[in-house]
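To keep things clear, I will list the structure first and then write my remarks on it.
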Amino acid sequence: MEYSVVIPAAGQGKRMRAGHNKQFIELGGKPILAHTLAVFEQDDWCTNVVIVANEQEIEEMGELANRYQISKAKKIVAGGRERQESVFAGLKALSQDGLVLIHDGARPFVTEKEIHSLVETAAKTHAAVLAVPVKDTIKRVEGEAVLETMPREELWAVQTPQAFDLALIKQAHQKAENEQMLGTDDASLMEWLGYSVAVVQGSYFNFKLTTPEDLLFAEAILAEKERR
């Protein structure tokens, strides 16, 4: 099986409080994004990587890809103000049919096994996401008051990559752009268009590095992986 992947890496990561794009923050001696790109570079099923960057960081992203020998990163395109705009820019850089994955640049711990399970499911269903059951009790809150406690057994935390038929997800993004609809993730656009989205159970290790605390966890995970 084959797939392409779009990696949005244009966000500034304000919650990381690093003062610059968190993709360039070092994790175990190399940028977070380099770890993420390496997963797809090493996967034989992946044929093409599109990186979506801030316009002023395109050259720096290219240098990063060259430095870490990411030969599949054939295109680096400028993103938009919102993540959704950036993803659509990446999708428009792909011309061939088939499956496309959309994966956060700041999720460096996704595994090839998880990717392959996702791709195999999406090949049958046209849309699939990685997700994990929530561990905590989730309450719906308004102001400082609890409105209701959500049934935890029904709740899953959705991750990336998310996998789609390329033509369908392009159609969903185009319709969303035309109607100024902003989804919470790419799968929500497919749902909005009327398609069902399959769920593939992922791993709690595949978390998004968003805060300084996440970076501490990531360093610990990387150190443990290197000891094995």
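Here the Cβ of each residue, glycine as well, is placed from N, Cα and C on the backbone.
Database features, via Swiss-Prot:
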- Arg15: site 'Transition state stabilizer' (SITE)
- Lys22: site 'Transition state stabilizer' (SITE)
- Arg152: site 'Positions MEP for the nucleophilic attack' (SITE)
- Lys208: site 'Positions MEP for the nucleophilic attack' (SITE)
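Positions of the features from Swiss-Prot, shown on the structure.
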residue : record                                           : DSSP class
Lys22   : site 'Transition state stabilizer'               : helix
Arg152  : site 'Positions MEP for the nucleophilic attack' : helix
Lys208  : site 'Positions MEP for the nucleophilic attack' : coil
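Here the recorded sites are Lys22, Arg152, Lys208, and the one whose Cβ sees the fewest other Cβ atoms within 10 Å is Arg152. Reported as a whole number, the C-alpha separation between Lys22 (site 'Transition state stabilizer') and Lys208 (site 'Positions MEP for the nucleophilic attack') equals 11 Å. Separating the Cα atoms of Lys208 (site 'Positions MEP for the nucleophilic attack') and Arg152 (site 'Positions MEP for the nucleophilic attack') is a whole-number distance of 21 Å.
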